[in-house]
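As annotated by TrEMBL, domain 'CARD' applies to 85-174. Annotated repeat 'WD' per TrEMBL: 693-734, 735-776, 777-820, 821-862, 959-991, 1083-1115, 1124-1164, 1165-1206, 1207-1240, in sequence order.
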Amino acid sequence: MYVCAPGAAKGRFSPAFGSVGCSVVCPWYRSAPVGSPGSGGRWVDLVGICEGLFCVVVQPSAANRKRSPRVPIARSKDFKILRNMDVKSRNYLLMNRQALERDIKTSYIMDHMVTDQVLTLQEEEKVKQQNTQKERAAMLINIILEKDNNSYRSFYNALLHEGYRDLAALLQDGIPVFSSGNGKSSLDGMTSYVKRILCEGGVPQRPVVFVTRPKLVDAIKQKLYCLGSDPGWVTVYGMAGCGKTVLTAEALRDHQLLEDYFPGGVHWISVGKQDKAGLLIKLQNLCSRLEHDSTLSQRPPLNIEEAKDRLRLLMLRKYPRSLLVLDDIWDSWVLKAFDNQCQVLITSRDRSVTDAVSGNKYEIHVESGLAHEKGLEVLSLFVNMKISELPEQANCIIRECKGSPLVISLIGALLRDFPSRWEYYLKQLQNKQFKRIRKSSSYDYEALDEAMSISVEQLDNDFKDYYKDLSILPKDVKVPTKVLCILWDMETEEVEDILQKFVNKSLLFCDRNGKSFHYYLHDLQLDFLTEKNRNQLQELHKNIVNQYKKYYKLNMPIPSQEDCMYWYNFLAYHMAGANMQKELRELMFSLDWIKAKTELVGPAHLIHEYVEYSSVLDQKDSIARENFQEFLSLNGHLLGRQPFPDIIQLGLCQPETSEVYQQAKLRAQSETGAFYLEWINKKSLKNLSRLVVRPHRDAVYHACFSQDRQRIASCGADKTLQVFKTESGEMLLEITAHEDEILCCAFSADDKYVATCSADKKVKIWNSRTGKCMHIYEEHTEQVNCCQFNNRSGQYLLATCSNDTFIKLWDLKGKYCRNTMFGHVNSVNHCRFSPNDEYVASCSTDGTVKLWEVRSANELKTIEIKDFFQNADEQDDVEVLVKCCSWSRNSDMILAVAKNKLLLFDVKTSNLLTQVIVSHHSTIQYCDFCAGDELVAVALSHCSVELWNIKSLSKVADCRGHMSWVHCVTFSPDGSLFLTSSDDQTIRIWETNKVCKSSDAVLKSELDAVFHNGEVMILAIYNQKYIQLINGNTDNIIMQTEPQESLICCCCLSEDLKFAAFGQENGTVKVLQLLDGKVLKYREAYRTSVQHCRFTSDCQTLISSAHDAVIQVWNWQLNECVFLRGHKEAIKDFRLLESAKLLSWSFDGTVKVWNIITGNTEKDFACHGGAVLSCAVSPDGRKFSSTSADKTAKIWSFESSCVLHELKGHEACVRCCTFSPNNKLLATGDDKGDIRIWDILTVRCLCHLEAILSGGM
């Protein structure tokens, strides 16, 4: 007898148990009997391979078939009889034997098993005769081990029924697969009926390594059901190596399908690429198989027509309602030999192969490859390792295999033979060295490139050239038909006919998008083409660019054209591939192209192209490319928004040396009927931001770098998690992650996961590459404010904190919280692991910072932050809310922030090492230590970020650009970059060294300007210590004061440009002479910082206000002062009117008109229920407008003191307003960024704009 040995190639056999005359029945081969001529002529069926074990069944030859039943012919220690228990099930019983013997009571267990008829009464009595409970349990287990799978299932169910759920859980993974029908097999769940039918029909066995693809298997079954009893064809088609054969064979392993639809059996023939002589041999062998039990011996058919007739008779008379499977069909003429009104299933690369035959036709497209996890499973089975034990190259190999079952199997088989070559085979895949990935399996082709090239070689020569043109298509892109119409200069119908031939042969894939078709190549096909045509790629790229230029000439595609998006995304790619340096520079340095592309796809892709193609763009010099890249990096978030801003105006705002500015100026000069503004003092203009992105549609609460600095994750009020590239802002992931605002996000130490936490009380863990949700934790009872991973790779610990006052530690390997740390008495706002992962720090609204030991989850110590706010000057009713903390790199120090202070503590002693008062006007929202432990970044509520040297206690940089509150500031792991996120919906990326080395003057936004004799004179506050007078035309500093002892808060100029005044943080107001900067007069006017000051038109009186309800009118020359008292809350601002009148508005919701000479209130307007944020006076002086935190604006009459109109519609605080010069319109802006233009007479909103920058006008 001969049996198939493990690892033997198809159709090859090795001797076993001596020589017995028999015929070998193999899934791939049938022949005349082997052995001695006088033997009984028995058939041997290879039933299956499971864990290296064979099950062999002897089938009688034709002469003896009726007298000899189908029985096992051999049994040894290497073979398992089908009725035995699965090896896996036995192992689970043996592994858990001690626990079972120790705990179970056998009497009730055996009652269930006797009822199930898997235990006899004699066996039950044998168990009962044992002396002790443990001995009785041991005997029962011994009896079960000698039985089949049913006894295992019965024992498992009995354990569950009798309350031994923990013991049942130990056995659960060992439960054998249940097979319906007669003759259950423990090897693969198939019935003996199915095995007999498939073995007799020559259907291939499952591969030694096999994973399920149930959707495709079910799809094939459904099409077979559709055949019913009628003749017809089912075509399973797809590209080389996609698994057509394995899936088809798996679909046939269905008892019900075979019994109900194909009781006549299944007959499998592997066809392949054949000439007529080869096809005749295949037909002769098939006829011989079908005639093997005939009493009359017939000669083989002599030609294809005779073979076709004989096959038709056999199928109709002897095997009615049977299925003929033709595997690997290449040519339609082959099918004509089988076109005999029977039921046929074929596998092919060519979808159109059944066009030449008659009957019902059904198709299944095997396009999708294996998912990443399935690919890892296949690889792990080949190399006999757990998925978790696979080396890191395994993930890269699966990605390079592009989901192809063929490639994964080829690589797996190679690695099984050469387990040390992980890195080698990965490099071969990455370098497209397909010839080196050679046959190490039973696949029909010697190397991977041969499997792919044979399909191409079957094309006509003309079609080969067309197919070669596809070598330069970008990966993972579906190309509209019109692109190829332009490339080949053909009509749509001609192109679609050509492409359909490729689709039919599985050389190309097609998607229908509405009325148009889109085509794409599988990644492996594209890799193959690229490698094959490597020396011609440049010419192919040049050809498509020239065809584009010929078609569009000097125009650009418009959005309504189906090919528009392709050219905007990939025209630069083709120009770079063609090394067309001149054309690429003209394209990439065109404001028209930049405007059109960013309006369609946003700025990130264009920024990426500047980086990607820098080697081509910089062949002459790199300056122009750097200018345009910087322009887009800093303004792209504006260009991508509607209404689209004027790119020429943005270009005019660039430095005069910039290529962008020079091009914009030429365009502006050539435009007719357009109005543009140009700055006149841009010589020292510098941008400190490296990139500005706008990934969210609402406030951005948090953002963080990945450990490799290549990606940024962000989250915010729009409930989404975004992941994008640090270099360009290109979006990688966008996930609607929670049901409420997301408050924090964090990368794991190996960047594999991103955690998010939300106001919806949930914590979620996401795969950072795929966006798949891995875990959801729901144990917090209030909103979760912060989440942070530990710093050690390989161990996934997550700390979260919540308004429920708890900090929780989660181990991602478990489903539930590992530890809950309690001790805070109010909301916990922030938590962070120490760099050595020994501690977790938490910050709370209760005014404390607590340190916890990670290992034990016990509280280590508490630092009472509120104790450092007990001075009289700082005493108020507001609670000390500790917002954030940050560890030093060596874990010895911890930095905490509350209100406007930075406090640095020694971890061991809890002693305060140093403190810094950052600002008196805003609170600190967030802080972060730089990697070197000297720099600290703080995010402030007044829209800026400051860098402080914690050792010298000096401010290093003031980073401005955000238009609203900054919620977060985070350094990259190496400290070279930091990012900021804000209410204005933007994230800014900054270079640390560039920011720290900048010599730019940090001017406060509170400044005054006077236009005089064609010149602009500006009074500004420099670094909060100096007053500067600047010529706005020349940017020259005319005068600078000595540094002041207290921070400067506001300033103003007199109209005659002789005097200046400023107010300070200590409440002092000073008047100085501009000629020499000498202070003429000063007054200690307030106990709080001065907020506003203005000269009257005669320059003799200075009006000021502070953080209180009183306005002071100071005649500084006579040193007389009038106090305007009447507001109940702090003054927001004021404005001078004619005839010694003054208009003021306050947080108390009122607006008042004062006589500044007498100090009396002349008119009092109760305007709003909330704070009045701004007022504007109409040019004719008859009315004024007010805006408020109550989201309304109102128009008032000075004469009647009545409200004329109330303007509603804003969804946020209305921050500002202004009248048009003709008194007919009013513009209002709110904190959300909306601008509304109102008709004053009709009170109708004429225009509603979403502002380019949020935060009002």
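Glycine residues also receive a Cβ, built from the backbone N, Cα and C atoms like all the rest.
Computed over the repeat 'WD' (777-820), the whole-number mean pLDDT of the model equals 93.
Across the repeat 'WD' (1124-1164), DSSP classifies residues as 0 helix, 24 strand, 17 coil. Below 8 angstroms of C-beta separation, residues 372, 701-708, 711, 713-717, 719-723, 782-794, 796, 798, 800, 802, 810, 812, 815 of the same chain, each at least six residues beyond the ends of the repeat 'WD' (735-776), sit close to that stretch. Taking residue pairs at least 6 apart in sequence, the repeat 'WD' (1165-1206) and the repeat 'WD' (959-991) share fewer than three C-beta contacts under 8 angstroms. In terms of DSSP secondary structure, the repeat 'WD' (1207-1240) contains 0 helix, 19 strand, 15 coil. Remote same-chain partners of the repeat 'WD' (1124-1164), defined as residues 6 or more beyond its termini with a Cβ less than 8 Å from a stretch Cβ, comprise 1091-1092, 1094, 1096-1097, 1101, 1103, 1105-1113, 1170-1175, 1177, 1181, 1184, 1186, 1188, 1196, 1198, 1201.
Same-chain residues lying 6+ beyond the ends of the repeat 'WD' (693-734) with a Cβ under 8 Å from its Cβ atoms: 603-605, 607-608, 611, 633, 636-637, 640-641, 740-747, 749-751, 754, 756, 758, 766, 768, 771, 964, 967-968, 970-974, 976-977, 979, 981-987, 989.
Residue counts for the repeat 'WD' (959-991) under DSSP (helix as H, G, I; strand as E, B; rest coil) come to 0 helix, 18 strand, 15 coil.
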